[in-house]
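These features come from Swiss-Prot:
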type	residues	note
BINDING	C13, C16, C35, C38	Zn(2+) binding site
BINDING	P126, T127, G128, S129, G130, K131, T132, F133	ATP binding site
DOMAIN	1-54	domain 'ClpX-type ZB'
Amino acid sequence: MARMQESADLLKCSFCGKSQKQVKKLIAGGAVYICDECIELCNEIIEEELGQAQHDEQERNELPKPSEISAFLDTYVIGQDPAKRILSVAVYNHYKRLRASETIGRRRNDEPETELVKSNILMLGPTGSGKTFLAQTLAKLLDVPFAIADATSLTEAGYVGEDVENILLKLLQAADFDVERAQRGIIYIDEVDKISRKSENPSITRDVSGEGVQQALLKILEGTVAAIPPQGGRKHPNQDFIQLDTTNILFIVAGAFSGLEKVIADRNGKKGLGFGVEVSSKKEEANIVDIFKDVLPEDLVKFGLIPEFIGRLPVVATVSNLDQKSLVKVLTEPRNSLVKQYRRLFEMDDAVLTFTDDALEEIANQALERKTGARGLRAIMEEILVPIMYDLPDRKDVGEVIINGAVARGEAEPEMLEAVAEEKTA
């Protein structure tokens, strides 16, 4: 009976349940007790969380400068220097703004805080000029979640197609459903020129894939708390939603805007119709980027974007067509260039891949003829190299494959040099 009374009188840790005899120290606080082991565990948790917070703060303090952002873009993207400068400054200011918003309220003076408004980006330029790759590279440098959406797949809510909230779901997925990370991410919306309304004047008929989509995008571009269905698709009752604040998400909206140059030319007094008009030449097409530099909001309105939508995209960057020399540089110079990638694949089969200068020029010319820009280079390389890569694993006698201009044109077979015995595995 005495032992039972003694056991009942033993004090226990309120957290782990161990008695005072099972631990070294038991500290009392009111009707609550905590043992030395639980205190040690709490200290470890606090140190870990403080360490992570300090690491996050350090990362924020190491925001790259515009010159550093542009230099990083140079290692992956050829040319487009004016666009790189504009994007570097815009992205730098955007993430400076986020840091400023995190420190609001920490100042001791009574001066009102200056509110920094978000500046989303509009990119104008032809297909295959590097718009998407520029945005991807920016996200890679900043280590933030990145999502790509195609504006042509979007429709106004209630119609067949994707809701604009599905764009936000893609960003959440890229962030592994970490809401805090997603709210600092970048969303790239391509083909936005394809959702221009059918006429400059408002229509009484519904334009569910044009003006309707622009209207639906307005709120998420400016900043709103959106309800995202975790599984995607349409919203329905009794469904759980993820709340995502888009205020600090950077939107980069892009399109080729074919025909916009005519709108700008008309405004500048250059006639686009009539027998006396000169036929557009390749040289003039190459100078489209110079015309785009003169774009005004009124030109975009005439093209088919609504004024409210344009107002959410204050930063405008233009990218130009890539000429032959630029495309050859795209093939060879970037850190992950196509030539370097295919050389690595051939190395895995114990062979050296060599391109002559005229081969690279021919590949660039084919991309220009197809009007696919840098985007079409991989398809051309595949057409040339697939037959070789099919046979190469069975050809242990081949040590080097040489691609010249005739091979690139499909007029000759590649030159295959015999492997040196020490260099080729059996």
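Glycine residues also receive a Cβ, built from the backbone N, Cα and C atoms like all the rest.
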Where C35 (Zn(2+) binding site) falls in three-state DSSP terms: strand
Other C-beta atoms that fall within 10 angstroms of the C-beta of G130 (ATP binding site): 27
DSSP three-state assignment for T132 (ATP binding site): helix
For the domain 'ClpX-type ZB' (1-54), the mean pLDDT of the predicted model: 77
Sparsest-packed among the binding-site residues, when each Cβ's other Cβ atoms within 10 Å are tallied, from C13, C35, C38: C38
Secondary structure at T127 (ATP binding site), reduced by DSSP to three states: coil
Cβ-based neighbourhood (8 Å from the centroid) of the ATP site, residues P126, T127, G128, S129, G130, K131, T132, F133 excluded: G125, V319, G373, A374, R375
Cα distance (Å, whole number) from C16 (Zn(2+) binding site) to F133 (ATP binding site): 54
Remaining residues near the recorded Zn(2+) site, that is with C-beta within 8 Å of the centroid of the site residues C13, C16, C35, C38: S14, F15, G17, K18, V23, L26, Y33, I34, D36, E37, I39
Rounded inter-Cα distance in Å - G130 (ATP binding site), C16 (Zn(2+) binding site): 59
Binding-site residues compared (S129, T132) - the one with the fewest other Cβ atoms within 10 Å: T132
